[in-house]
Each structure stands twice: as C-alpha cells, then as structure tokens.
Amino acid sequence: MHASAWSVTLPLPLGPLDFGVPHGFVGEPPVGHRVVVPWQGELRIGVVVGEGHGASHRLRDAVTLLDAAEGGPWLHSAFVSALLAESKLSRVPLGVLLCELVCVGLDAKLAHRVRAVDGANLDVFGGDVPSAAWTNGLNMDSGLLDAIRAQGLLEERVTPARRTVSVIRALEAGRELLTPKQTVAWDWLRGRESVATLSEWAELARVSSSVVTGVLNRGWAERVDVPAPWPDLPPIGETPKPILDTVPEADEWRVHGGRASQRYRLLAARIARVLDIGRSVIVIAPDHMTLSRAWTHLSGLSSEERGRAVLFSGALSGEQRERTWELVRSGAARLVIGTHAALCAPVTDLALIVVDEEGSDAHKLRGGGSVFVPEVARRMAASAECILAWTGCVPSPEVLNVPGVVLPPPPSRVHVVDFGAPIAAPELGPLSRADLRPGRQGYPLSHDLVQVLRQVAERGRQAVLLAPRRGYSALLRCPSCEHTPMCKHCDVPLRFHQETRQLTCHQCGYRERLHERCEACGERMWQAKGPGTEWIASEVRKVLPDFPVLRFDKDRQDDLSKVDAGESAVIVGTQALLTRAAPPDLALIGVTLADTWLNVSDFRASERYHRLLRQLLEWHASRAPMLLVQTFQATHPALVSVVDGHDAAHYPSLEQLARRTLKYPPYARLAHIEVTARDQERARGAAEAVAAALYGGGAQEGEVLGPSPSPIPKLKGAYPYHLLLRVRDEARLDTLLSALDTRFAGRVRVDVHPRGGLGI
C-alpha cells in the first residue's frame, strides 16, 4: 500500500508538514528528495522526510518531485534520519536544523510552466488566467495561480531552471547591408562559435563598439542563451605516499597526536582501502583552515578507479556547490571533504565518516539550532551503519575510550613565564596588582618575551602574539572612585577601543564615546585593565619601533599577504589567527595571558586550553617555533603535560578521571536550559517554574542544577537564568525535557550539546 501523504520539511522555523503525494506518483516516500509544494500562495522547495500521517489534517498536495526518484536523493537518507532524531531531542524545529546544515539546492531557481486542465473554464477567476496552452508561470500572478491550483484546475511543470549564459553569434544573412568595417567584424565572428559581450567582440575584431552594435542591429548577429559552463573546482592535491594501515579494525576508531601530516597519512591508508572497494567516504572539518589542510593531504586519493574527490563548504560559490552536488549524486565523486555542510552529501554506499578535530568548539553552530556537528555525525553513522572515525591534534575525553592510535608528540620548544612567582620575577604581573603601576615594565610583555621579540627582529624572522581579547582593554576604571563605565543594556563593563576612542559592549554592540571625565566623580584620568590586541600591539611597537607590527582580530584584519610571502613582522591577534595557515618563517608564538582560557565557567575550560597549546605546537607544518606562555598557573596539569613532552592522550586521560568523579561527559548527558525575560522577577519566576516542571516530570535530586542567575545578570536588555540537566543517558534526557513541552512566562531555550560557560 502506497503512502497517500508525505511528511515534508521546509527551510523555515517549522516542524515537518504533511502534503498529499503529487498527482501520478506511485511508490514509497522518496526520503531525502526535494519536492515543490504550495506555501502561502507561492511555490517553495522542501525535503521529503518520511510518510505523512494520514489521519491528521492534511495540507495541500505537493506539486512535483523536483529530483527524479531514480536519480538519487538530494540529501542522504541517514542524514535525514539523524536530523529527525536531533530535532526530537533538542525541541528545535526541523526546518531550523535544515537551514543550518544544508547550503545547496533549497533556494534553487525554478522553471515553471502552467496550463488549464482540459475542459476547465477559468473565467470565473478573472484576470490573466492560463489558457489550454503551456505558459510561463513566472510571468503570472502567483496568488491567482494558487487559487486555481487549490481547485484542482491547474496543470504544472516545475523543473530546476537551466543554467544559461547570454552569447552573441553570427547569422548567415541580415536585414540590411553592412558597411566595410561591419563586414570585417561579421567575418571575424563567423569564424568563431560565439563571443560573450559586444566589447569583447569589438576588441578582438579590432573595430569600435559602434561597429559591432551595428552588425547586431542590422540582423547579421543575434544574442542567444546557451548552457552555461560549469565553474572550475578546487584543484586536487598530491597523491599521498602509501604507508601501512595500522588503524584498528573497528566500527569506531580514532587517530590523534603527532603532526597533522602524519595523521593524514594514516587516514589516507584507510580511506584508500574504502575507495578501492567502490564505497564512499565523508570527511568533516570544523573550520576552513583545517579543511584546507585535510584537502591538501587527502584529495590526491582520487583517481579514475576510485572516483573523484570533491571539496564542499559554504565558501564555494553557488554554482560550484551545485556542480559538486551533481558529481556526488551521480556517483562520480566518492570522497567528500568539507565543513558541516558536507555531512548531508548523498554519496553512494557510505562506508566511513571522519570527523576532524572532534573536540573543537568550531563544530558548534551558533544558529538557532545549537547543533554540535560531531553528534549529528554520530547519529548519521548509526543510521547508515557505517564506520565512524575521529582525528585531531588531541582526543576529547568523550572519545578517549575508542580504540585508536596516538602518535608521538612533535618536537617542541616551550618556555613558561610564571607570573605567579614574584620572588623569581618581582616585576612581572598584571596592572591590577598593588605593587605595579602602568609605567612599570613587565606586563603585558614580560622581560623574557621582550628579549625573544628583539631576537626575532634582529634575525628578520616572524612572530605571533595571541591576545586574550580584541580592543584596547577589558575595561576602564576611575583611579579615584573606581567607577567603571557599564553597558546600558547588559551588566558588563564597556571595553575601550583606542583607535576609535569609543567604549563598546562586546555582548550587544552598544557604543558610546569616551568621556574625558569620570561620570561619578569628575576625575580626568582613566586606568585601563586587561590588555587587548590594541594595547599589546602598542607595547610591541615601543619595544620594536622600526619593525612591522600588524593586527588581526574581529575589529581589524591587516593585510598579511607580505607576511605569507615570508616578510618579517610581529602579528598581534586573537585566536582567530589560528583559522589561517601559520606564517612561513614563524620563530615565536607568544600566549600573552594563558589564564584567560582557564578563567571560564565551563568544565571544558582546561580541555580547551590543552587543545590550544597542542594546536600551537603543530600550527606550523614543518617547524617548531618557540612557544612562550605567560601565566599565573604555571603548574596547571594541561601546561605541564605539554612542557614535559607527554603524548596527546596524557592530559585527556587525567581530565576523564576528574569527569568520572564529577559525573560529567562522557559519564553523563547534559542539557543547558536558559530562561529569559525583560523583567527580572518574571525571568526568575519562569526559571523556577521550569525547575518545578522538571521535578514534576520525575527529575531526581542531582539531575537538576539551578536555577541560577547568569554571571552577566542582564544581557541585551533581558535577564537570563540558567539550569543544567545532568542525567545518565539520552533516553533519560528526552524523558525529562518532555516536561518542557508547554508554555512558560519567559523564553525557554534548550541546548542539548552545551559547549560554553553554563552560568551554574
């Protein structure tokens, strides 16, 4: 028995909707295929996700299946299954997840032809109605067409619009005689298939633009639309040198440590085996720098026998994404390397999903769905019954128990400046210490860091300094009354930006000019606290007045092309620098205050800090620049693990033991619940109501933490309260979250993959 309705998801903040099957379609619901449906008087592209509920209220009939059933789905069916499970657990509408993870084909241009059904009289509808002949529906009133469609009196043909380009080509005869110069231009064009523009024709035929315009106007040439050529795709890298495949034979495995090139060689050996038996592989990277590295090392596995390798990400042009998708759907491409957008690739016979840097926060999508890509990959692998692999510079504690390979650490030179040892270095420390004043040397650049920077300049090398934040300082404070300018919409200090002489809120974007006097007491002097990129760059310029000093952060991205070409410079930036390739002649990496990564209300802060140190050690593909770390916590186990030369799994194993004791992942499942309202009492009451609903739904003591006010009590004009669910497994989490499937006085947001400060 065939389904009478399909469950269809549109790229809108909605759950799946039921539509009747298109007229004449017979068969099972084509899960993963695109379908054209009527929506609010227009045609929209959706995705079939399953069979509709015949007993429920059914919406309109779908117009047509956009992708031929025999041509393969637009999205992998296992991906659709993973998205349905993610939507159910997170309570996020499936359409929101679709928008976050799919960036091709849902807004495609359509060709739309319409006509009245045989014998139909459409005069009652008035206006310019379709006749019995096929007509271009794009030129007609969409509301009128929808009214006719609703009565079942409209036949439609909807297909993806042809990709065309306008060209000019010669005709054998025209309407008027040509001048001698026009004849020359016409003869030139006859000898070629076509030209793209009049200016190109004139230039190549060596005549004026008025001459070729005359040829066109006199009917001896014509403009026509022809199929557009596909754009070039990223070039393939070199073929990896074959090595022995030593990766475990398991349904889930991992490769970590060493240098990136070593990890990719091991991965290449296993991926080659999969491709050689005619199956497919998807490799997911968290950011464009990691993607570029993976593409360079793995794309060379492609061959005529193994199939093509394709790169896929939102950074490609729309036409490049279309071309790549067609290669995947046709089976010509069987190795897909990309960002999260590649996870839905409809490859044939998927055998292996590889997630690169599985613990990276860049895998956490910041849209409304709060998606954590490795978890979607895990669900997809289970649905597709394929192998799941993890790789990266350091294993996350969540995958540490998976069988795998940990490569020896690369050679390193790490120097630690201990701000917490006043006897050894009495003048090193932040400006907030009582024994220091702004004029004293030692912070934010320690004496050791200054010495190494001078050596870099003397030898004409390159250095990178990581600052804790952008801007000049974390805050300004009056030295007389200690008043700090605050944001009017958030309970946070405004950050000072020296270049613009503005105070800016990095939470909501509020700005105000820097006041000459303290608003509270009238004092003229401000004291800056917490150096940012502007402050550190200015200090470097004092030390190296004749040496190039560049900045790279959200506010300012200096041109680094000369640095990439090997010219000497010091780059001061935030962690955003790590999304680029390392400068080629890099001699020094300085972390100006490592404690910034630790002083975060998040149980993953230490893991994140350890990963940063490992990333810095392998940032340069072949060299081992000095890593100089300035910190108050020189004995922190994450730093000691790196300094003492332990392998990449050493510190995660310590972290895993601590999490076992504290019952944090991987020994529990978490969900972060945020409740907000414009009125503080309303927000507090709503948060308490959420907690009561959870306990009413069966939550036990210890499973609900909070509610607690946010560490930032007011944010963007609202008052956030936080709760944390900590349960044994996903089934228990789903049971408790079902208690929140109702309305509350405040806005309730649930994140089932929390990856930041939880505020508990």
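Cβ atoms here come from the backbone N, Cα and C positions, even for glycine.
According to TrEMBL, the feature Zn(2+) 1 binding site maps to CYS478, CYS481, CYS518, CYS521.
Per TrEMBL, the feature domain 'PriA DNA helicase Cys-rich region (CRR)' maps to 487-513.
Around CYS505 (Zn(2+) 2 binding site), a 10 Å sphere centred on its CB holds 20 further CB atoms from the protein chains shown. The Zn(2+) 2 binding site annotation in TrEMBL covers CYS487, CYS490, CYS505, CYS508.
For 666-754, the entry in TrEMBL reads domain 'Primosomal protein N C-terminal'.
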Cβ neighbours within 10 Å, counted over all protein chains: which one of the binding-site residues CYS487, CYS518 has the most?
CYS487
Quick check for the class: what is the C-alpha distance, in angstrom and rounded, between CYS505 (Zn(2+) 2 binding site) and CYS521 (Zn(2+) 1 binding site)?
23
DSSP-assigned states of the domain 'Primosomal protein N C-terminal' (666-754) in counts, ordered helix, strand, coil:
28 helix, 31 strand, 30 coil
Where CYS521 (Zn(2+) 1 binding site) sits in the secondary structure, as DSSP reduces it to three classes:
coil
Measuring Cα to Cα, how many angstrom lie between CYS487 (Zn(2+) 2 binding site) and CYS521 (Zn(2+) 1 binding site)?
19
Let me check the 10 A CB neighbour count of CYS521 (Zn(2+) 1 binding site). How many other CB atoms are there?
11
